[in-house]
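Novice: Pasting a structure below so you can have a look.
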Amino acid sequence: AIVQELIVTTIKQDPYTMSKGSQLEGYCMDLLTELAKKLGFKYKVHLVKDGAYGRQDESGNWNGMIGEVVRGEADLAVAPLTLTAAREKAVGMTKPYMQTGISILLRKDNVSEEAGFFDFLSPFSGETWFGVLIAYFVTAVCICIVGRLSPCEWSQPETEPNHFTLLHSLWYAAGALSLQGAGPHPKAVSGRVISCTWWLFAVVLLACYFSSLSSSQGPDSAPLMIKGFEDLANQDVIEYGTLAGSSTLAFFKNSNNPSYRRIYEHMERRKSFVSSMDEGVQRAKEGNYAFIGESVSLDLAVARHCELVRAHEVIGMRGYSIVTPLGSPMLKNLSVAILQLSEAGELAYLRTKWWASSCIPDSAKGSSLRAHSMKGIFLVLAIGLGIGVLLSLFELTSKSRSTAGEQKKSCCAVLTQELSQRLRMTNTKGDQETSDKNKA
């Protein structure tokens, strides 16, 4: 086991290493604590003197944290240091404790997702559409019932055809929903109450739909679609750049991919580099600038700055490693300890802890109206349907009472006769229509 006190160099970068009073905290500090527990060593942390990660100059000398380890000024470098071939030649690097890649950070208004086939359904949530469908069928059934119960709609069941069959009721409700209308219209008060309630429901529903649809579409001018590096290379509207002297810049410089080469040549020509991660994030927040960087660092920026978004495409996968002197006996032990922490889920826990987002879900995606936000109009429809059906029963009862007085019979007997007659005629006409269709 390692027992000596190790000198550890690091660099301030949120959330890897941050100041908290006179102490340092962050992902790398937690990782260092866990490694010290496993391997039994003590350590002393200091910030890198020149504030650099580690870059080799033309004479072969290294600066930053890599330089301090090479010169023996530090035993370990614990920071988001990318594992590269050039660094591997100069120092020892452990198994990666975090996988990352290269991606793009932009403002949300500079990114547009490809329109889907069913985006027209986005103004309402799924439960709202289901509620509208149920309301449509229930309304049609109520119109059909009222058309059969109300004497004003069907006064002579034996000789008079009933206009409000279930099929016509469905057609009538659909016509009202599209503001086109479909006759004939109800003559009875009960039918008109249901129709007026359904019309009111349809008007409010369509108003909410078009209002939500227009707000979700955003500005009239369609935003630029940048989904990846190919799109970035093929446009010249948005400026883009990366961290000067970083491994990300080296990736584009050494790449043989034509698109990546164009990106590098553009950055060199326009000198669109930034001197720090914070500067890159700030320029992306200001708009009209795309910052190219490590995907995990960009994920943190998205978690902290809700107006930013990271492109889905990630290229050049690589890992962050801990740096030791070349040939150090600590290298193997550190790599094994990192793998053990990964297998135990500790690294995933630290990632969740330090990359927690406080952003509210995207309002464009969260703007779908839910059923509970429209419960008022659904309640009005339900009340209207109930009143309509009750009025039709009242109309039928009133006619039965009048007929009972004329025929000097019991009102209940006449009402029962009326109901059975209307039900019988409905079944008879249905059977007759089926027979006519079969003959045809």
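Yeah, the Cβs are placed from backbone N, Cα and C, and that goes for glycine too.
Marked as L-glutamate binding site by TrEMBL: Pro80, Thr82, Arg87, Ser247, Thr248, Glu294. The disulfide bond annotation in TrEMBL covers Cys306-Cys359. As annotated by TrEMBL, domain 'Ionotropic glutamate receptor C-terminal' applies to 5-357. The annotation site 'Crucial to convey clamshell closure to channel opening' is assigned in TrEMBL to Ile226. The annotation transmembrane segment is assigned in TrEMBL to 376-394.
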Novice: Within 8 Å of the centroid of the Cβ atoms of Pro80, Thr82, Arg87, Ser247, Thr248, Glu294, which other residues of that chain place their own Cβ, given that this set defines the recorded L-glutamate site?
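Specialist: What remains near the Cβ centre is Tyr53, Leu81, Leu83, Thr84, Thr100, Ser246, Arg318, Tyr320.
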Novice: Report, as numbers and ranges, which residues of the same chain sit near the transmembrane segment (376-394): CB under 8 Å and 6 or more residues beyond its ends.
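Specialist: Distal contacts: 131, 135, 138-139, 142, 145-146, 149-150, 188-191, 193-194, 196-198, 200-201, 204-205.
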Novice: Average the pLDDT scores across the domain 'Ionotropic glutamate receptor C-terminal' (5-357) and report the rounded value.
Specialist: 86
Novice: Around the C-beta of Ser247 (L-glutamate binding site), how many further C-beta atoms are within 10 angstroms, looking at every protein chain?
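Specialist: Around Ser247 (L-glutamate binding site), other Cβ atoms within 10 Å: 21.
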Novice: Note down the number of other Cβ atoms within 10 Å of the Cβ of Pro80 (L-glutamate binding site), including every protein chain shown.
Specialist: 22
Novice: If you draw a 10 Å sphere on the Cβ of Cys359 (disulfide bond), how many other Cβ atoms land inside?
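Specialist: For Cys359 (disulfide bond), the 10 Å Cβ neighbour count is 12.
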Novice: Fewest other Cβ atoms within 10 Å: which of the recorded positions Ile226, Cys306 wins that one? Let me know.
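Specialist: Comparing Cβ neighbour counts within 10 Å for the recorded positions Ile226, Cys306 gives Cys306.
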Novice: I'm trying to understand the geometry here, so how far is the Cα atom of Arg87 (L-glutamate binding site) from the Cα atom of Cys359 (disulfide bond), in Å to the nearest whole number?
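Specialist: The separation of the Cα atoms works out to 37 Å.
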Novice: Restricting the comparison to the binding-site residues Pro80, Thr82, Ser247, Thr248, Glu294, which residue's C-alpha is spatially nearest the C-alpha of Cys306 (disulfide bond)?
Specialist: Glu294
Novice: Counting across all protein chains present, how many other Cβ atoms fall within 10 Å of the Cβ of Glu294 (L-glutamate binding site)?
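Specialist: For Glu294 (L-glutamate binding site), the 10 Å Cβ neighbour count is 25.
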Novice: Of all the binding-site residues here, Thr82, Arg87, Thr248, which one's CB has the most other CB atoms within 10 A?
Specialist: Arg87
Novice: Return only the integer: C-alpha distance in Å from Cys359 (disulfide bond) to Glu294 (L-glutamate binding site).
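Specialist: Pair distance, Cα basis, whole Å: 21 Å.
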Novice: For Pro80 (L-glutamate binding site) and Ile226 (site 'Crucial to convey clamshell closure to channel opening'), what Cα-Cα distance in Å is obtained after rounding to a whole number?
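Specialist: A Cα-Cα distance of 27 Å.
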